[in-house]
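Following: one structure in structure tokens, then a few remarks.
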Amino acid sequence: MAIIEVKQLTKVFGHDAVRALPLLAQGWSKEKIAREAKLTVGVNRADFRIEEGEIFVIMGLSGSGKSTLVRLLNRLIEPTGGQVLFRDKDVVKMNPEQLRQFRRKNIGMVFQKFALFPHRTVLANAEYGLEVQGVEKKERTRLAMEALELVGLKGWEHHRPDQLSGGMQQRVGLARGLANNPDILLMDEAFSALDPLIRKDMQQELLELQSKMKKTIVFITHDLDEALRIGDRIALMKDGVIVQIGTPEEILIQPANKYVERFVEDVDLSKVLTAAHVMRQPEMIRPERGPRVALQLMRDSGVSSLYVADKEMKLQGVVTAEDAAQALKGNQSILEVMRREIPRVSPDTLLNDLFELMSGTHLPVAVVDEADKLKGIVIKGAVLSALAGNAVPEGDGIR
Amino acid sequence: MSIPKLPLGKAVEWLENWLTTYLGPLFDFIHAVIGGMVNGIEMALTILPALVLILIITALAYWIGKWRMALFALAGLLLIDNLGLWGPSMQSLALVLTASVLAVLIGVPLGVLCAQSTGVQNTVTPILDFMQTMPAFVYLLPAVSFFSLGVVPGVIASIIFAIPPTIRLTNLGIRQVSPELVEAADAFGSTAGQKLFKLQLPIALPTIMAGINQTIMLSLSMVVISSMIGAQGVGAYVYRAVSQAKTGAGFEAGIAIVIIAILLDRLTQKLVKPKKG
């Protein structure tokens, strides 16, 4: 079930903003409304669902309305129209007390410029959300310490935020957001103010944290690399409109329109696509079959080598046409002539890392899972064609 | 063409009469409270022998400002005592402290209100301008007619003259709290009161204290003017010296005021500076 469902969510800034709603419904553009009604459209009828436990990335350039959109979810900005359903309760219709409880219990937030309270220690910052709920001192210290430990700040709890580096400050921000154990964590450009290297570390850590905690995370960013790295699904925004929602692969491979296409054209596909995207169904043979069958199979499917796998699909080796012909002459079994030393990679291997491996071998690379089960093979041509932007993964190639 | 003079002065006097007639009991009450405060503080300041109090203040000065400050406090206060101005100085100090405490008690909440509502701010600001620029002598007169002669109208006039910096700087300090921090407090579900006491006031504190420091200094500057309507104290010595053209006596009393002013200023300023820990 979706934890958040957003329907026709709209924010218009300006005097008597509701009058823009019928105009938007008539299809007026942001520019036309700005010109003729003197109103600024922040978010234009956004529709999406966020599933429990996913990292949902909202991406767009500055001014695209993404920061406004995320603030509509917890009503730091009041929506002009539409609904935000949290487990089927409309956040937009909540009274101030219900809204306060919703913010205290269900939805945490991490800010771009950290927004730590300078007069409080690291611990007191992490405690803040619990403190306003009225959780008693001992309990909130315990929970805040747990959160600080989770983000790797144990031992720093009595420092002031300004004594910490940027990366550490944002860990405090993260701990503050997590301490009261909300269902949803909003992260507004949370890593944008950090140095590139620290930023990558934080992204990695967020993914690790997420695998432990299974929070629902709404992550705002203007950085496509970041979106691709951490997002389970990505919503791309332009001029207040959500242009496309999809998995990172869908956005890259099937951009919905010219805007998305331009957005993603500079992406280094070799750092995004994995072996799983470009692999194809291997031609296989069981080890107990004879060389004659192997040669026949190769002829039928027009290939020069076969992968040898047992009943459980466990990869044994590879046999080429020459090997099979030799076996036929010498009356040997496939097991005796097959090559066991073959390049293997996991489905998550980036194309970038595949290059080196492939340049050293004539054989296709085998893609195997942790149990050494054969999932597919990658041939050079598929990699090159994917990098040229023509990736058309076969149905069974996608995770 | 001649436009008849507007009866502005008459109107003010009518208002003054009306207030005295109908709000008499209220003014009596205020008179009792303020008079009681001044007397109480004066008694507390004079119950101990001068020397003992001087040592206590010196210790306080050492605790806040180390040796330089302690030395200044000791020498300055001993000089006041030596000049025979200890009693009147404590009377003036009682007036200043009463006016300052009341100004802070009224001013900080007003400043908070101004910070939370631009409407209130727009109403209060011109009134503050009026209070600060209207010559103090002018509101001494109605103060006397409401509270009769003595120290109470002096306190009232001091509050009116000295309260604006506290209101203004409280307002400013709270408005200067970064919107991102306020947003963060909101995002975690703070009530308005929690936001005020856990975030805005602590962060605005240095600015607010600067306003309070100004308020104390301004109310001290009122002691001479208050003496014209019968407030006792070192201000009265200055006033008498001026009217009798006694330069020496005037200088002595003036020095006493300067010493008190410097002590109050440094003590309240140092109190604000966050201790580095």
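Placement of Cβ uses the backbone N, Cα and C atoms for every residue, glycine included.
Just so you know, TrEMBL annotations are computer predictions that nobody has curated.
Keep in mind that this is a model prediction, so the values were computed, not measured.
Per TrEMBL, the feature transmembrane segment maps to B:45-64 (among others). Long-range contacts of the transmembrane segment (B:45-64) within its own chain (CB-CB distance under 8 A, at least 6 residues past either end) are made by residues 70, 72-74, 77-78, 81, 86-87, 90, 93-94, 263, 266-267, 270-271.
Distant neighbours of the transmembrane segment (B:70-86): 50-51, 54, 57-62, 234, 237, 252-253, 255-256, 259-260, 262-263, 266; these residues of the same chain sit at least 6 beyond its ends, with a Cβ under 8 Å from one of its Cβ atoms. Taken from TrEMBL, the feature transmembrane segment covers B:70-86 (among others).
The domain 'ABC transmembrane type-1' feature in TrEMBL is assigned to B:89-268.
The transmembrane segment annotation in TrEMBL covers B:93-118 (among others).
The annotation transmembrane segment is assigned in TrEMBL to B:138-163 (among others).
Sequence annotations record features per position, and here TrEMBL assigns transmembrane segment to B:203-229 (among others). A Cβ distance under 8 Å defines the sequence-distant neighbours of the transmembrane segment (B:203-229), meaning residues of its chain 6+ beyond its ends; these are 92, 95-96, 99-100, 103-104, 107-108, 111, 136-137, 140, 143-144, 149-151, 153-155, 157-159, 161-163, 165-170, 172-174, 176-177, 181, 235-236, 238-239, 257, 260-261, 264-265, 268-269, 271-274.
Taken from TrEMBL, the feature transmembrane segment applies to B:249-267 (among others).
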